Amino acid sequence: MAKLRSQGLRPVFVLLCFLFFVLRLGIFVAADDQSSESHKDDGYDFGVTEEDQIGDNSTASGGAYAAPNSVAMDQERSELCNTDMSSFLPPPYNNISNMVCRPVWNTFLLRYQKKEDNVVTFILSAVYTTGWVAMGFSKDGRMVGSSAMVGWFNRKGQARIKEYYLQGTRSSQVIEDAGELDLTKVPPAVVINGAMIYLAFQAKFEKPLASQPIILAFGTRFPNHFRLSSHDDKTTILFDFTAGSASRAHIHPGQMKKNHGVLGTLAWGLFLPVGAIVARYLKHKDPLWYYLHAGVQFFGFLLGLANVVLGQQLYNKIDANIPSHRGIGIFALTLSILQILAFFLRPKKDAKIRKYWNWYHHWFGRIALFFGVFNIVWGIHLGAAGMSWKIGFGFLITMILVTVIILETLSWLRGSERTTTPPETFQMNPF
């Protein structure tokens, strides 16, 4: 009886430990991005909007600002592209020839030169009075997860230029001296010439720079101990470094990211766990349990496969290079493929290798479910999905856990009745 009871409670214990782990992870990551949806419009969200376009005018009175007339602005830009920078920029920026010069936004001009070893030299200029000017490199057109070069002159007239990693939407999450830009050994520089500020830096990329979402922003207040103030204006453009052209950013991966999350949640958080529940607790309904189990699991596998395909498309569209999330997803998909193969290679019940097949099928399925659910939690954190996703997925996992506990208890009670009820005795009628 004690052995039977321990075997019956083992799955419940494992599920309780797993839920505790998931909730602990959710609480841990909530400190980094809690209520991110409520901060979408705060001072640090450089996200793509329909209104963001080249040539938008800024009404700010300080920092970098726009020329009041578009015709005059175009003429001024053309003249500024011919500015001789050899007299005020430090080497090697003062003697770089054949630089491409393009207006990108307001009074912002972008000069760049590409080398064969994927090293690109950037010189960003804009009309400047006070505050800071920034140029960021984004993966999906939004601020979170991007890296930016920020330059300014403080109240004492001292030049400052730093790389920042935009980890989140709050000012405390804009981290100085951090980021994913691979800056070369050539020191970045920031100078003022006339009414213009110039940010010059050099970075090396893994592959030739082509179409790239660029974040442009400025603030009119001085950074306080290198902590940036809220921006006064911003935009995101899609710059083609091959053709040398800029366009309005039509990068809207938000819906695709949501679809990716929904498919993953339905596959690994609902259908595949339900299929496993059917196999464990409905075997007394033979052969109904088998067909339900196979059908639900196959449908969950198709959702998981579609989720991986959509994730690959998302990766190609926004270059979302997240090795951990991607690797875990591929690993879980591989295990689920092995489970599908196990369905076709299932030996007969009386075969000698049937017990090894059962061991393989049960444990590979459990491992796949563990990593699938873990990857959902990890994806919610990496995607800064917000508390609504965390609460929704936590509720789903809780409901599944409660269902498992109830079914496991009923199963244990049925097993106890079978072991405690004595077998019926039959008496033969005497002759």
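Even glycines carry a Cβ here, placed using N, Cα and C.
In TrEMBL, the transmembrane segment annotation falls on 365-384 of the listed ranges 185-204, 365-384. The domain 'DOMON' (106-219): residue composition by secondary structure is 3 helix, 66 strand, 45 coil, according to DSSP. Among the listed stretches 288-315, 327-345, 365-384, the one sharing the most Cβ pairs under 8 Å with the transmembrane segment (262-282) is 288-315. Using a Cβ-Cβ cut-off under 8 Å and counting only residues 6 or more beyond its ends in the same chain, the transmembrane segment (288-315) has close neighbours at 253, 256-257, 259-260, 263-264, 266-268, 270-272, 274-276, 278-279, 282, 321, 326, 329-330, 332-333, 336-337, 339-340, 343, 372.
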